[in-house]
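Below you'll find the structure, written out as structure tokens, and then a few comments.
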Amino acid sequence: DFSKAMSQAGTSQFQEVIRQELEYSMKVELDKILATAPSNELEHTKKDLEGFKKLFHRFLQEKGPSVDWEKIQRPPEDSIQPYEKIKARGLPDNIASVLNKLVVVKLNGGLGTSMGCKGPKSLIGVRNENTFLDLTVQQIEHLNKSYNTDVPLVLMNSFNTDDDTKKILQKYSHSRVKIYTFNQSRYPRINKETLLPIAKDVSYSGENTECWYPPGHGDIYGSFYNSGLLDNLIGEGKEYIFVSNIDNLGATVDLYILNHLMNPPNGKRCEFVMEVTNKTRADVKGGTLTQYENKLRLVEIAQVPKAHVDEFKSVSKFKIFNTNNLWIALSAIKRLQERNAIDMEIIVNPKTLDGGLNVIQLETAVGAAIKSFENSLGINVPRSRFLPVKTTSDLLLVMSNLYSLNAGSLTMSEKREFPTVPLVKLGSSFTKVQDYLRRFESIPDMLELDHLTVSGDVTFGKNVSLKGTVIIIANHGDRIDIPAGAVLENKIVSGNLRILDH
């Protein structure tokens, strides 16, 4: 046993030496990169690289999935409240004064590349020519007009989306919404083999675009604080932010949740509220809220030991998942940021670049910080508050007559007999937005649809109606044109179908 202990001590010493060498090499490389920064970018770049260095240090310290599966417990009953209970409290007469303490923050760092679009995802048209950003501004403008309030909108951009977003913001200069932006950090991608940055200088245009990445939305705390905007908003008397993904069309300001935060029933304010909703079989990968070492904690699939992944995905054991709609106290962000006390697990995201180089990027998730805040709470909200548009299949749902649009908010049509959305799977011919739009002469009537699967070269004429379960499969080399006015109810269409106008 003695020799075993000695060899273990030797191994850990050896690992420690390697870790120190890696950190030193990284520091040398980052200093070289910093030396290439022009004077007007120096301070900003320095902050970014300092933040990256801290993340890299933690990455070298931590080993394997960062949760001990045995310690995971179900959250206590009162730590996740049903939305109905919060809504039942009603609203106070002075809801305007409560609204004036709120700031809406949208995570706007993502590009529309997964849907075949260049530029920020928030500028993709989703409904009657309106983009994600248009709908967001309309919602807040409607709030401000209805209650005579001043709720501002803050966009967290990335270096990928900042320029395009700022250009487009000019069109809202006369709207009744103050709009602010700040940028999340820009971190260097790391060569998977050498664990050194692939960037040689600070530039991020041309061939250097692939050298840098925005480090996930967990970066919001540091970037918001460093931008000075956090302090400005606290100075204006703002108390809470409502944070959500800009592509979640269900994430509108909820007055009942806001009232619960500002006027808590037990007199003790929550610093962090996470909206969760019930899992369906489509959401098995979503992060879930658990009790861990006496704190509420978000556990993501990437942190789960391999042997327990199936258990994690089970709808019966973990019934809810994180919608990434979060309500956070500004004063708490400031306090924790100043103490360097926000603890978020590192997500290691492997990528293969166009030239075949394998890199990793170190990221964090905004919801993972829940365990650092005091008096956190989960609220189990209706599914309608989670309406993300990640693919053209999602886009088809929100463009269809399943939803009506009112003041920037989408609501499920009253003509739909059941509250769940149909399951839609569009094949690879529909992945890019421009291809998708070309294949639908008009969006089909989907009020009575349960399930739609489309694969291959398929086009839809005008005023098609889809009901029940519809499966349309065009074999390789074949093409199926669904004629104008067709009604498909519980149908499987396959092979080759061309109906031409005479």
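Cβ from N, Cα, C; glycine included.
Some features that TrEMBL has for this protein:
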- Lys121, Gln184, Gly216, Asp247, Lys390: UTP binding site (BINDING)
- His217: substrate binding site (BINDING)
Whole-number Å only: compute the distance from the Cα of Lys390 (UTP binding site) to the Cα of His217 (substrate binding site).
16
In terms of Cα spacing, which of the binding-site residues Lys121, Gln184, Asp247 are within 10 angstroms of the residue listed as 'substrate binding site'?
Gln184
What are the sequence-distant neighbours of Gln184 (UTP binding site), meaning same chain, six or more residues apart, C-beta distance under 8 angstroms?
Gly109, Met156, Asn157, Ser158, Pro214, Pro215, His217, Asp219, Ile220, Ser223
Taking each of the binding-site residues His217, Lys390 in turn and counting other Cβ atoms within 10 Å of its Cβ, which one has the fewest?
Lys390
